[in-house]
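Visitor: Provided herewith is a single structure, encoded as structure tokens, for subsequent inquiry.
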Amino acid sequence: MPTFTLKDSKLSLELVLPAFNRGDEHAFKCIYKACWPQVFSEAYSRLKNKEDAENITQDVFTSLWEQRGEIEIHNIDAYLFTLCKHKTLNFILKKRPALLDVFKTEIPSENSPVYQLLFKEAQGQLNSKIGKLPRQQRAIIQLRYMENRSTVEIADELGLSVKTVRNHLGRALSTLRNLFKIFLIFFIS
């Protein structure tokens, strides 16, 4: 087993990543030691509370370790920054649910004609957008969300690698998310 040592060097992190992606615990410890200060700093800059920032930082690295076999990370800094940002936002929303109340009061009830009209329009736009996706992405969306298949099952059925399925799924969801950003503007304004 190789021994890694880090001194805040991106080159060293790049050398450790393949070992981490294979589940090497020592590589994880090296990443933890090298990246903990930056992750903590990011969490603290958003929360302004040392204890909460430490908890978020710990949660980020716990998630990183738990996902080690499921994802292949190529840029650890970007991955940890994004993970920290999402966990911090989720923490803020859970801690301050009043922020969510603003959005809840703006959405019409499901029985209202306005809601029904908006829902039909959104559903039509979604179906239209799904129909315009590349064939592979469209098939993967269909299998994943309409037939509730796992990425492994989809990969087996389509003869693709799991990573390829995840990449196609990510691209398709990104395209569809952009559509929903537009509709969110109409719901809130």
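Just so it is clear, glycine is given a Cβ too, placed from its N, Cα and C backbone atoms.
Curation plays no part in TrEMBL annotations; they are all automatic predictions.
According to TrEMBL, the feature domain 'RNA polymerase sigma-70 region 2' maps to 32-96. Residues or ranges marked as domain 'RNA polymerase sigma factor 70 region 4 type 2' in TrEMBL: 126-176.
Could you place the listed features in the three-dimensional structure?
Guide: Looking just at the domain 'RNA polymerase sigma-70 region 2' (32-96), the mean pLDDT is 87.
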Visitor: When secondary structure is assigned with DSSP, how many helix, strand and coil residues does the domain 'RNA polymerase sigma factor 70 region 4 type 2' (126-176) contain?
Guide: 42 helix, 0 strand, 9 coil
